[in-house]
Amino acid sequence: MPLAIETESLRKEYGDTVAVTGLSLRVESGSVYGFLGPNGAGKTTTMRMLTTLTAPTSGRARVAGASIEDRASVTSRIGFLPDVPPLYDELTAREQLRYAGGIRDLPAETIRERVSALLDRFDLSDDADRRLGEYSRGMRKRVGLIQILLHDPDVVFLDEPTSGLDPRSARTMRRVIEDLADDETTVFLSSHLLTVVEALADRVGVIQDGRLVTEGPLDAVKREAQRDGESEGLEAAFLEMTEGRSE
Amino acid sequence: METMVRQVGHVVRVRALRGVRRARDRPMVSVLYLAAVSFALLAVVGRLPVSGYEAVWSDSGAYAAGVAVADGRGVGALGTARGLSGLLAVATCYGVLVRTAQREDDERTDHRRLALSPTAFFTAELLDQLAFAGRLVGVVGVAGGVAFAAGAASPTTAVTTLVAVAALVATAVAVTFPVALGVRLAFRHYPRVRRHRLLLGALLVSVVGFAFVRTRSSFALLSGLPVGWYADLALVGAGVGASGGRAVAALVGTPVAWWLGIATARRITDYQRADAGKAGETRGDPAIVTRLRVAGGRLVSRVASRPTAAVARVVWLRLWREPRALLFSGLVVGATAGVGLVVVETLPTALPAVVATYVAVATGAGVTLDPLGTEGTALPLTLTAPHGRERVVTGYALSAAVPGTALSAAAGLGTALAIGASPAACVGAALVGSILGAMAPVVSLAAGLRLSPTDAATGSRGVGLPPLGALSAFSAVVALIGMPAIAATAAIESGSMSLSTAMTVAVAATALLGLGAGWYAFRDAVGRLDRYEP
């Protein structure tokens, strides 16, 4: 299987603080990778490095076949949805999505067609001409997701995509992630909601204090935790791996 | 009561700590504040009998007035002090009004309200405002009083001045705070008022700006108001004819003003809590705006790439719907209008150059002054688009330069025609205006990217207000580039240069300075955004 994400000894320092160190990951194309860790463990910093928002202090990484030093190549092949969707409150959803397509240099006709199709798919067509400032959190997340899918990226990075969503919106989001994986899009998923990761991920990595403490197929990680403890499931594995770290 | 005092003390302490840390995080802004206060201090204290001090400041001020009083030549000292009291009160009111009206926190959800009684909450608010005004206006007032007391060799006056300045600032804060809350309520409740904030803000700044530029007229007007009574309190023992009755009234007025201020603030926020009205709902844009936007979009699409044009179009759209950033365009013009007036009074034929400079400053003082803050939470979208960083810089610059070039050129030309300038002067004014209008947004971007508090950039969800440091630096650079045109006008007036030579020199110098500053600013802005890590 070709690799969608490959990192080698990735390290990021902020002054004297080491946010991430010695991070080596291999994520296969078309898979869903669950990236777990307590608050402040280095998940968001890792995502920022992989999406070129921040430069690593040392180490190497390739995303969708391009080195993260080649910002233009990486950004043309990825989509990134942060925890707070990057939207302009003053625009309507349709205007926002046209803008997102425009800054990626998509032809106007393609933007029109894709926006219309994705608004339908995400059940937002009726609200597409309302301003985003009036949208609920779930609706904003959906618009945020649409705008990173407009250019048909090879890899999408989702930071807490289901946090704060009501059950219906969360289920919609889960289905979309499943559809992405079915379409051979690689999904790098960071979430505190272990049930979401458990339901979707092929492989998981657990990061703590900036270091990857375990990594592998979901079942293997669960089995590893089961050997040491009595309980089953990803939650038990997560607690086992990150023991001693306060939330 | 004891609990309330403890709670209020705690809140004020935490607010002060936050203020200190914010100042530490934004040293440039602190330096600008320091520079403004230092200038005011020098102006109020005036010449001092210190060797070499005249090189720093030679005009007479409070110290000289004190000496004059001690020598029995103190006629008019009380009137001046009353005028100065008025001016200090105006500065306090303005600072508190702008600071409170701009605040983003919501009275209905402020967590402190759950822990504090309304009286404790508003007492803490007023003390916080008092600390804010005290370190700016209070310092100047106290320094003036102490200088006066030193000149008059009257220690009693030093003490009464301290009391008077504290009382004056406290009263001004207490009177203004509920007014500012009322303004916020009006903005929130009435969409029409909210939409015309630009006009209201510019009007306010113009009035305050003129008050400070025209000090003589301001003193005459303000010294007759009750706010002048605090000067009587300051100078009650100085033998300048201060009224004891007015001094007592000023002293008693302060606690009364605080009590009324807190009571009014409570009523306003009670009303606000019950008020469901909210401005800013979705409404269609007027047809003319849509047509202008489409035409502008076509124009930028011709001169820039699709992504850059998309950035410029969205900036316009957001500005139309949330014109808060334009408020500062009006504010900066209003604040410095007095200076422009003085230049024009001295040199009437410089009017076209002055107007063109002001229009260029206004068009550059909008969103381009804080691109990161204006992008806010949407910044990751732009930064993770291919070449997104460069496109943000060019898109923002274009969004202001397209209207800026046309408006500044038209303003320069129109004014030159209106005052009956020669054809050469008209062409010169149009050229200077177009250069300034094209270059100002680029300088503004560089100033904004250098002096914006980038740590707060991604927290905003709306069009941001430019930071004061960036605003001042940008205005100074544009004014500097506009200077050759004014200097050329002066040379024509004095006869030291012919019209055609002066115009050629003015346009060439403006172009040279503008292109140099623009080129450097663009490179600097692109480089900074390229290195920026949210």
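Here the Cβ of each residue, glycine as well, is placed from N, Cα and C on the backbone.
Where the annotation comes from TrEMBL, it is an automatic prediction and has not been curated.
Feature list (source: TrEMBL):
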TRANSMEM  B:31-50  transmembrane segment
TRANSMEM  B:81-98  transmembrane segment
TRANSMEM  B:132-153  transmembrane segment
TRANSMEM  B:159-186  transmembrane segment
TRANSMEM  B:198-215  transmembrane segment
TRANSMEM  B:235-260  transmembrane segment
TRANSMEM  B:325-344  transmembrane segment
TRANSMEM  B:350-372  transmembrane segment
TRANSMEM  B:393-421  transmembrane segment
TRANSMEM  B:427-449  transmembrane segment
TRANSMEM  B:470-492  transmembrane segment
TRANSMEM  B:498-522  transmembrane segment
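Listed by sequence, the residues of this chain that lie at least six past the ends of the transmembrane segment (B:159-186) yet keep a Cβ under 8 A from its Cβ atoms are 85, 88-89, 92-93, 96-97, 99-101, 103, 107, 122, 125-126, 129-130, 133-134, 137-138, 141-142, 144-146, 148-149, 193, 227, 230-231, 233-237, 250-251, 253-254, 257-258, 260-262, 264-265, 268-269, 271-272, 275. Within the same chain, residues 56-65, 84, 136, 139-141, 143-144, 147, 468-469, 472 sit at least 6 positions outside the transmembrane segment (B:31-50) and bring their C-beta atoms closer than 8 Å to a C-beta of that stretch. Sequence-distant contacts of the transmembrane segment (B:393-421), counting only residues of its own chain at least 6 positions beyond either end whose CB sits under 8 Å from a CB of the stretch, comprise 296, 299-300, 303-304, 307-313, 315-316, 348-349, 351-353, 355-356, 358-360, 363-364, 366-368, 371, 428-434, 436-438, 440-442, 444-445, 522, 525-526, 529. Sequence-distant neighbours of the transmembrane segment (B:132-153) (same chain, 6+ residues past either end, Cβ-Cβ under 8 Å): 19, 33, 36-37, 40-41, 44-46, 48, 61-70, 81, 84, 88, 91-92, 95-96, 99, 160-162, 164-166, 168-169, 172-173, 234-235, 238.
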